[in-house]
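Student: Structure below; questions to follow.
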């Protein structure tokens, strides 16, 4: 142990280099960067992604219940940090609608649209928007601290507890929340932001009560934007192999809407709510509010998990596609630092948006240089040309958000497939989705995890036991209910329980085993002494042999060792009764009791791999042709 400790704390040039490469993955891929082959592609991808990031930053900021231009901060600062610390070369870091909605629920809880804000030290003298920005940046800072701590503690494996089924159900519920939250912009209604259990129902109630006050111009603009964007996106998907880059239809429609809104003065003429004044430049750094930490710690943890889980899942897809590796713990560190750094400059929690990442990869992005260039585009808008977006109707942003929900909403199609494939998984999907819709995203995620863990316990405690039978002409054994032409020697039952046996399922195992063998176990108990005498006789005669070394299956070396450690074996029950495969056991039974096979099965030749027991020697595998009777 002392040698291990000494080696762990020893520092040399190689370990220092490995540590630097681990903490700064940018060094690794910059060394292999192909300047002539990749630079142009990264430039094209960076410009395309940057334009989308500007629009999504403004749009997703509405979900966080913040002034739109703060979304530009979230599309800039986290990207800079991730460029140096992230291991994925393709994801586009920035606002993610689900996280924005989770932040929005915290913001509206502490600083509601109607009524006084929560009594928090540091709110004095601030406007409502400034209070909301303080809350959003503080909870983002806390989320970053949690992600950084998990990364440093090497607990990136926690994402495994969020199964694909749970994440799918959760993001589908989030899409419904996002859809409802954008209705007020699409319809041009004044609806206060609500949070907490059943807030979605209360929001819909308010919308329906105010439906007669709908702004027709907002509705027309939204419908036109949604129809055009949807059609062009479908064309992009259908002809993506022929198009050099996807048509940036959201950007095009935004520019057109800005121009028309400015020319016709939509705000004055039709009372349309527009983005309004966008300040130039960046605001000075700001310290987080510790009182907000205390109020939002419960919400910050699921944000940290969800933000990392989504980003890691997307990064894993593209790393497999482009043949490179990503490190989950380093990704936690990268997003933790990015959120801490961004929160200092008033941005909110960052992850990755699937649509934006798809743009970055499909337009030829090879590395995070494309991401860095997209941040440059966002910076140019923030510093120089942001004023051009001031007449943009918020209904346009709401329509863009709704159209981009298509992928998440289409996950409803998974329900029939899940029901056919795995009913417990389908229950997890439905339970997570319904709980997240009704209780809110934070409580819904907790409820979904509870349902998932309960399904794991039930699968383990009440597994699907089965009786196996031999498929004729092979050495394969399958559930006899699934096949017709199978072979079962008389007097032999092969019982399978696909779960570890422990205190919670031992009674279930015993019951199912008794049902499978089809007789009263008390009879076995009465005959036990007679059977033990027979075993002793066989062992003495050399008919049963055990070889303790050179087993052909490392797993069977392992199981026997565990049984030895548990004192399972004694003078009567010895390792010689165990076989490496089912087929070995079956062949042994047939060899010792040929009359069992003669009653039901004709002679057939089977080419198989058999473990042959040599008395006094080792277990050896060799190919041979045997006749099963």
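For all residues, glycine too, the Cβ spot is worked out from N, Cα and C.
Automatic, uncurated: that is what TrEMBL annotation is.
According to TrEMBL, the protein has these features:
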type     : residues : note
DOMAIN   : 39-432   : domain 'SLC26A/SulP transporter'
TRANSMEM : 43-62    : transmembrane segment
TRANSMEM : 69-85    : transmembrane segment
TRANSMEM : 133-153  : transmembrane segment
TRANSMEM : 159-180  : transmembrane segment
TRANSMEM : 187-207  : transmembrane segment
TRANSMEM : 213-232  : transmembrane segment
TRANSMEM : 244-264  : transmembrane segment
TRANSMEM : 300-320  : transmembrane segment
TRANSMEM : 332-349  : transmembrane segment
TRANSMEM : 369-389  : transmembrane segment
TRANSMEM : 427-454  : transmembrane segment
Student: So are the transmembrane segment (369-389) and the transmembrane segment (187-207) touching or not, going by 3+ C-beta pairs under 8 A with a sequence gap of 6 or more?
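Tutor: No, the transmembrane segment (369-389) and the transmembrane segment (187-207) are not in contact.
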Student: Mark yes when the transmembrane segment (244-264) and the transmembrane segment (300-320) have three or more Cβ pairs under 8 Å (sequence separation 6 or more) and no when they do not.
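Tutor: Taking Cβ pairs at least 6 residues apart, the transmembrane segment (244-264) and the transmembrane segment (300-320) are not in contact, as fewer than 3 fall under 8 Å.
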Student: Is the transmembrane segment (133-153) in contact with the transmembrane segment (332-349), using at least 3 Cβ pairs under 8 Å (sequence separation of 6 or more) as the test?
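Tutor: Touching, yes - the transmembrane segment (332-349) and the transmembrane segment (133-153) meet the threshold of 3 or more Cβ pairs under 8 Å.
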Student: Would you confirm whether the transmembrane segment (244-264) and the transmembrane segment (43-62) meet the contact rule of 3 or more C-beta pairs below 8 angstroms, pairs 6 or more apart in sequence?
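Tutor: Yes, since the transmembrane segment (244-264) and the transmembrane segment (43-62) share at least 3 Cβ pairs closer than 8 Å, they count as touching.
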Student: So what pLDDT does the domain 'SLC26A/SulP transporter' (39-432) average out to?
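Tutor: Taking every residue of the domain 'SLC26A/SulP transporter' (39-432) together, the mean pLDDT is 90.
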Student: Using a threshold of three or more Cβ pairs below 8 Å, and leaving out pairs closer than 6 in sequence, do the transmembrane segment (43-62) and the transmembrane segment (427-454) count as in contact?
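Tutor: No, since the transmembrane segment (427-454) and the transmembrane segment (43-62) share fewer than 3 Cβ pairs closer than 8 Å, they do not count as touching.
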Student: At a C-beta cut-off of under 8 Å, are there same-chain residues at least 6 beyond the transmembrane segment (159-180) that contact it? List them, or none.
Tutor: 63, 97-98, 101, 200, 203-204, 207, 305-306, 308-310, 312-313, 328, 401-402, 405, 408-409, 411-412, 414, 418, 425-426, 428-437, 441, 444-445, 448-449, 452
Student: What else in the chain is close to the transmembrane segment (43-62), if you only count residues 6 or more beyond its ends and a Cβ gap under 8 Å?
Tutor: 68-75, 92, 94-97, 100, 181-182, 185, 245-246, 248, 250-251, 254, 275, 348, 353, 355-356, 359-361, 363-366, 369-378, 381, 389, 392, 394, 397-398, 400-401, 404
